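The structure under discussion appears below in the form of structure tokens.
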Amino acid sequence: MESKQASDAQGEPTLMKEEIEQSSNSLDRDTESGQMDDRELQRRLRRIYWKVDLRLIPILGALYAVSGIDRINLSSARVAGMHEDLHFYIGNRYSVVLLVFFITYFMFEIPSNIILRKVGAAIWLSFIAMSWGIVIMCAGFVKTWGPLIAIRLLLGLFEAGFFPGCMYLISCWYRRYQIQQRIAWFYSINVIANGFGSLLAYGIIQMEGLGGLRGWRWIFVIEGLLTCVLAMMGYYLIIDFPDKLLKKKSFLTAEEVELIKAELDKDRGDAVHDPITPMKVLKTLSRWQLWIYSLLFMCVAIGIYGYAFFGVVILQGMGYSPGRVFLLSAPPAIASVPFSLVISYLADRTKLRAPYVAFMAITCTIGYLLVAYPKQNGVRYFGVFLGLAGANGALPAVLAWQANNIRGQSTRATASGLQVAFGAVGGIYASVTFLEREAPTYFSGLWAGIAAQLFMLAACIGMSIYHYIQNRKAARGEMVIEGLEGFRYTY
């Protein structure tokens, strides 16, 4: 990775300042003279954003997908024999192993985003992905559950920066009402991969005994190796922030970058990066609204992690064989993808967030109830479908809601780190409320998840009322929202 920095500094062709100014002046002349009418401008922007979509979303989505697989492959390994080999049946060892990951994951979200901006997206994101891939491979060689604690702590440390970094980067490229669909596509890659991840794990388990290793150990080795390969690809494919692309040769021309920056300024006036300082971080953290968005994301994470960590175990408790459990775990995740994409499309078109978040919370709650109480396996399995649809559909909406209502790149760096950090709190919550002694029903965990969804409903109502009142004040000229005339909150 140092060679890439060196080539940027010494040998890689860069855009000179005169070229950038010339391109910007040309863009200004086109706009002023009317040569670029609105229809032509929109056509060009669609083409430019299509190029950005292809470079940004697939590779980030693929890397986040393997991070998700690496994070939850414990559930597959547990069913495949890890439970007995590492004596997880003693006390709540399995829950403890799940929980410790989130300690370091929570602590390093915001610091990682600060490093990301300084070092560059491609270098930092690929570095941390390579690091967690190596850590995952090490998990395949532990002999007792103790070293697995250290591995999970390191995994949390390295994975901490990836998701908030992706949200920070994506939010700096797109207009406010483009973003939920992009987050949905990014996250859907992860959902699909995790759905098939159980099938992949089942295939890897068939390597039982190869090289003297048990099948569950091969899960960690193979999936860690896959992560390292994708990390190397990410180093060359991940693009940087729009303003940084002007300083080096890229897949966009200087004029195309200027067009995107002009769109961002027209949308929210923060295309130019403002340096991150300790005072700005503290000021951002003092905004109570961001803590509500973070709590909303925590509630979403509770649903996602609950099904991710214990869904396989719940299915196993219905009496299915391990092979059939792996097969049955994929369809609910895959089915949630079109649901999430349709909801995100409608949310961007209607420029609303809260009604869709509330709808997802209700859907997830119904899913929990169907898993908890009916006796028929078919009904309980349908509950898993609804629960995952609600949880996975809410994630893009909650992330987009916060992104829509803040301005300034330094604010985005801190806010996205804080919000995603609370996802770690949701993971801890799910880990400790699904009690081992209640297997395979996990009533406490399911009701804890329902409580989180009810909080989401209350928060949606409260935040919508607050945003409506603030927008009314701004319309009457009594205040300026986010320091920008004409800016309005999304609710």
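Glycine too: its Cβ is placed from the backbone N, Cα and C atoms.
Automated prediction, rather than curation, is the source of TrEMBL annotations.
Bear in mind that the values here come from a model prediction, so they are computed numbers and not experimental data.
Database features (TrEMBL):
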- 27-38: compositional bias 'Basic and acidic residues' (COMPBIAS)
- 56-474: domain 'Major facilitator superfamily (MFS) profile' (DOMAIN)
- 1-38: region 'Disordered' (REGION)
- 48-66: transmembrane segment (TRANSMEM)
- 86-108: transmembrane segment (TRANSMEM)
- 120-142: transmembrane segment (TRANSMEM)
- 148-171: transmembrane segment (TRANSMEM)
- 183-205: transmembrane segment (TRANSMEM)
- 217-239: transmembrane segment (TRANSMEM)
- 290-314: transmembrane segment (TRANSMEM)
- 326-347: transmembrane segment (TRANSMEM)
- 354-373: transmembrane segment (TRANSMEM)
- 379-401: transmembrane segment (TRANSMEM)
- 413-434: transmembrane segment (TRANSMEM)
- 446-469: transmembrane segment (TRANSMEM)
Tell me if the transmembrane segment (354-373) touches the transmembrane segment (148-171). I count contact as 3 or more CB pairs below 8 A, with pairs 6 or more residues apart.
no
Lying 6 or more residues past either end of the transmembrane segment (326-347) yet within Cβ distance under 8 Å of it, the residues of that chain are 76, 79, 180-181, 183-185, 187-188, 191-192, 194-196, 198-199, 201-202, 307, 311-312, 315, 320, 353, 356, 359-360, 381, 384-385, 387-389, 391-393, 395-397, 400
Mind checking which residues reach the transmembrane segment (379-401)? Cβ under 8 Å, same chain, six or more beyond either end.
167, 179-181, 183-184, 187, 191, 293, 296-297, 300, 303-304, 307, 311, 314-315, 318, 328, 331-333, 335-337, 339-340, 343-344, 347-348, 353-354, 356-357, 360-372, 416, 419, 449, 453, 456, 490
Model confidence over the domain 'Major facilitator superfamily (MFS) profile' (56-474) (mean pLDDT, whole number)
90
Out of 48-66, 86-108, 217-239, 290-314, which stretch has the largest tally of CB pairs under 8 angstroms to the transmembrane segment (413-434)?
290-314
Flag the pair the transmembrane segment (217-239) / the transmembrane segment (120-142) as in contact if three or more Cβ pairs fall under 8 Å (sequence separation 6 or more).
yes
